[in-house]
């Protein structure tokens, strides 16, 4: 019986016709399979993990080999076809719109440029020799950009306003001598000053200066803030920090505040992001309205840093900054946080209505909680100063530290209205002369010097110096302490030094301390000076101003602070030698830092319009110019 095709016992095997179709597929199978499996060392997973460095090296070798071959194969370029570099301001400016400084260049047939001593976001600062007055000066050259010019015009207006109310230069504000336009750059001529307070700290290897020198610095800074708070001025500095406080002389404790590039007047606030982070006040961090009290907060931070050698609040960002403040001072008042637009950036509201610190990824692992890092421990009130380094030293008793701690805490009040005012600070017990201090410094009427040996006998230091006369940047400047100015001194020994170390206002203990009035308009019931005539030196019983014997500076970096003459004798802060310095053959021949009298800016020569820009009459610049910046 015939079996139908496909139904036999071997029906699962292909028939003759199907076999011929399958055979080609079987023959192609070996071609599709690799002859050998890939080496494990060349697997992508290994190349991107264990052998990642080798992979990168191989990529670099291949890349640069191809680049070299392309360079060899490319035809030589004709120099005439090269793209010409863009020329700015007829070749006088660089790509950043800064003036290209050339040593030896003479401006207005008067200023001979010596060297560049500083650079910042505003522009540059150069040291120059004024042939008309035979003095060294510092010239701040503003960038050739409209926004920077507008902001510099505001700074210029404030500086001229302060100079009008401080004709004797005794309120520790940098003196603007004159201004002019040169090749489309606004140039501000300042007195040439010495090192800043950060350089002074650096010279102590960040161990801090004595409490006595801290007191002298605090007294001058409070006087300067009192001057700025007069109703005729009402100026907020907005960037008070050690880098913006300069010594007049490297051997004296006289200081001056510089860099009013971020400053404003009450009621005319321009920016919200102001102050360097370490010295930024809580109201600025929280986004609430601010007034002159923000400078008092910065001053409190500065005083602690000057004595301990380290910033009190050294936050890495704004959140960390607030955390460090809370760590010392506790949670801010609920009434303040309720009105703060940025309160929830740092804090969380509790169900009961209070506030607690916001737990974020930015919170430090070593954070100890609100109020756990006490200021008493930071200052070493009961342990002989910071790290016990001042134990047994005269003027560093627990009573001295308690007065210092109380003053700082009053400066660091959260509420701006409760923060101590400059006048109240000058009346604080920290500046009063006690019986123990009189014993340490000798009789009040004694003329015998109790100061250390002349500074010329101290060993020289290899620390690099840093000088500033007016520069700096806005509150958004870097907190990495860029050293903007550098210079050296030359000179010789000078006359002996008279030390009147403990001169300070004598205020009866019963007189109460008045808090800061707060707000944009001075409060009538608070002890705000009615005019400049009520400031120190014009009738009010406030700290006398420093007067200094002429003494040329040291050829080295800042002296050890303990060898500085910290005397403050009645009279204006004088940074000049006893006699006018003769004109050197070249500005580099002498780096003696002096003070000269002011004057009106000279008009540019009319026969040189190509070289000089038009004279700019910037007196009385309206505040509206700030809008474009």
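Glycine is treated like the rest: Cβ placed from N, Cα and C.
According to Swiss-Prot:
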- 69-86: motif 'Bipartite nuclear localization signal' (MOTIF)
- 111-431: domain 'Protein kinase' (DOMAIN)
- 117, 118, 119, 120, 121, 122, 123, 124, 125, 140, 190, 191, 192, 193: ATP binding site (BINDING)
- 239: active site, proton acceptor (ACT_SITE)
- 438-478: compositional bias 'Low complexity' (COMPBIAS)
- 480-520: region 'Interaction with RANBP9' (REGION)
- 552-562: compositional bias 'Pro residues' (COMPBIAS)
- 575-585: compositional bias 'Pro residues' (COMPBIAS)
- 586-600: compositional bias 'Low complexity' (COMPBIAS)
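In this structure, the CA atom of residue 119 (ATP binding site) is 17 Å away from the CA atom of residue 239 (active site, proton acceptor). Our reading of the ATP binding annotation (117, 118, 119, 120, 121, 122, 123, 124, 125, 140, 190, 191, 192, 193) yields a largest Cα to Cα distance of 21 angstrom. Taking CA atoms as the reference points, residue 117 (ATP binding site) and residue 239 (active site, proton acceptor) are 21 Å apart. Cα to Cα, residue 190 (ATP binding site) and the residue listed as 'active site, proton acceptor' are separated by 19 Å.
Across all of the motif 'Bipartite nuclear localization signal' (69-86), the predicted model scores a mean pLDDT of 68.
Packing around residue 121 (ATP binding site) is summarised by its Cβ count: 16 other Cβ atoms lie within 10 angstroms of its Cβ, all protein chains included.
Under DSSP, residue 121 (ATP binding site) is assigned to coil, being neither helix nor strand in the three-state scheme.
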